[in-house]
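Engineer: Dropping a structure here in structure tokens format, bear with me for questions.
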Amino acid sequence: MCTPIFMFCWCQIKPNFKIMNKRLLSCFIVGVVFLSLAAVSQSENEDDDDAAVVATEEEDPVEEDIIYRSPIPSGNVYFAEHFDDINQFSKKWILSEAKKHDVDDDIAKYDGKWEVEVPQKNGLTGDLGLVLKSKAKHAAISAHLDRPFKFTVKPLIVQYEVTLQEGQECGGAYLKLLSHGKHTADLRHFNNKTPYTIMFGPDKCGNDHKLHFIFRHKNPLNGTFSEKHCKKPKERLEEPFKDKLPHLYTLVVRPDNTFTVKLDHKIVNEGSLLDDFTPPVNPPPEIGDPDDTKPSDWDEREKISDPEARKPDDWDEDAPAMIPDPAATKPVSWLEDEPQMIPDPNAEKPDDWDSDMDGDWEAPLIPNPICESDAGCGPWEPPQINNPDYKGKWRAPLIDNPNYKGRWNPRRIPNPDFFEDKDPFRMTDIAAVGLELWSISNLILFDNIIITDDQTVAETWASETFDLKRRKLDKDGESLFSRLVTYTNEHPWLWAVYVIVIGLPIVLVLVFCCGSSNQEREEQRRVAEAKKTDAVSPDDVDEQAPAKATKSKSQLEVQEEEEEEEAAAEASGGELDTETPKAEEAVPEVAGDVPSSPKKRPSRKEE
Ligand SMILES: *[C@@H]1O[C@H](CO)[C@@H](O)[C@H](O)[C@H]1NC(C)=O
């Protein structure tokens, strides 16, 4: 293993002994890392038995730590469902037998399948969830609250878990809190038109990631309802749609008309029902009069073409943009009579060529070699240059419009639809909770739905369900990590390896992206300078031992200059393009040697 690394390094160093500093450094690091990794894998093999013992000792108590029991909610609860009891579930939950409105009849039926089952992965023993099994089908299921939730003096707290076990391409996983009334008397009729009070939860299609909070507001003037959509969360919430882990969604709406949305206990959105919804709950007190019209002589043009301006007489609109260069002359070595292509003199007629069948044989054409060695062949034409007389189309200059009146706005009138609802929290009573969904990705697992007016009840509920799940996941992930930490503490030199392994990419990027182009140019400059001053070149030095004194001096100088240049490059934050263009032209082949900066691949979309 070490031999090829050493060879690699040597090959890198040998040809340019004096500029080896950076390459040597990176080679050295690569070498060290490989050696360390080799050593680690070796000693890990040796210590395997120890490690296994440590692992089993550690893991057993971890497993025992987390014991799940179906939670029993305490306090003021309107609805609580942990899905662990299939009997109770089938009594409580009702499949929709309705059809979805406004879609083609043949796909309108709510025929999506639901199943109460264990999660695919990482489940707690005894913990079941409600799983949407169907892909791309309308699915609807709902259950009555134990008693309707009324919006009075206590907050509404809705909380539930979603695990997108297959990720999510396109589809929703939101809850609808169905409004009390005749539509929710028989939940077999639950459909997309069933009135809801609040819709809450994740929804995604393509790149559009949403965490909905929509409420339906009743217009106090005429009693119609309209949807009010919450402003977007501060951050983009993409992780829950791809990490396939359980996530906890919490909505709190308070009697003072404030609301909070939490994801995994962390606040991701908050605000006021009055200020943070579109369209706003309360319409504007004044509107533009819809009967007002813009007068026909109202001039909205801020600038106009100067009517006084005239096209200058010498302005030739037809002059071409490009002309043949009048100063160009045909090069003396230009061979006007030579064809650019000639029959290949080396081609031979194939033996099986049948002139009767195939016609007369002709040698294939090749580029005329004479043209390559001379300035060119064929008819000569001067190159095209920009026409100094080109002016293009003439346009009158713009001047301020003396008749400009500004933008026209209709006169303001009192809004006939104006009302002010100072208390949008007082929404329609909630009678049931429903899932009315369509999803491309299936196996969406719902769990631990709770509706309460007491935040501590919801928090306790989460601590006995969601928090346990996440703790188990963390421990599963952690046990590997903590094993590594323990092992490293026993072998402290491994910390050095980690530092190098983490530092290596940074160093390499610095060396190859920032360093090498300077380095190449320094080399070129040195070559150019050496030619100019007759100084000793690296090759000379390698071959001529007696020149050592000169060598050490020039090396010192070079090093100083290098450092100066590097400092300058760093200070200017850029490269030294303008300073050494000649050297670059002089030694173009070196450019092929410059490693191109690593292109960042667009990270692949989740599978
Ligand atoms: C009720 O009022 C709203 C807003 O003013 C209006 O858009 C809606 O059409 C009205 N509905 C009825 C049934 O009058």
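The chain as shown is numbered from 1 upward.
Glycine residues also receive a Cβ, built from the backbone N, Cα and C atoms like all the rest.
All TrEMBL annotations are machine predictions without curation.
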Engineer: Can you tell which of C170, C230 TrEMBL lists as bonded to C205 through a disulfide?
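Structural biologist: Disulfide partner per TrEMBL record: C170.
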Engineer: Among all the protein chains here, how many other CB atoms are within 10 A of the CB of C170 (disulfide bond)?
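Structural biologist: Result for C170 (disulfide bond): 14 other Cβ atoms within 10 Å.
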Engineer: Quickly jot the same-chain residues contacting the compositional bias 'Basic and acidic residues' (291-313) by Cβ under 8 Å, restricted to those at least six beyond its ends, or write none.
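Structural biologist: Contacts with the compositional bias 'Basic and acidic residues' (291-313): 394-401, 403-408, 410-411.
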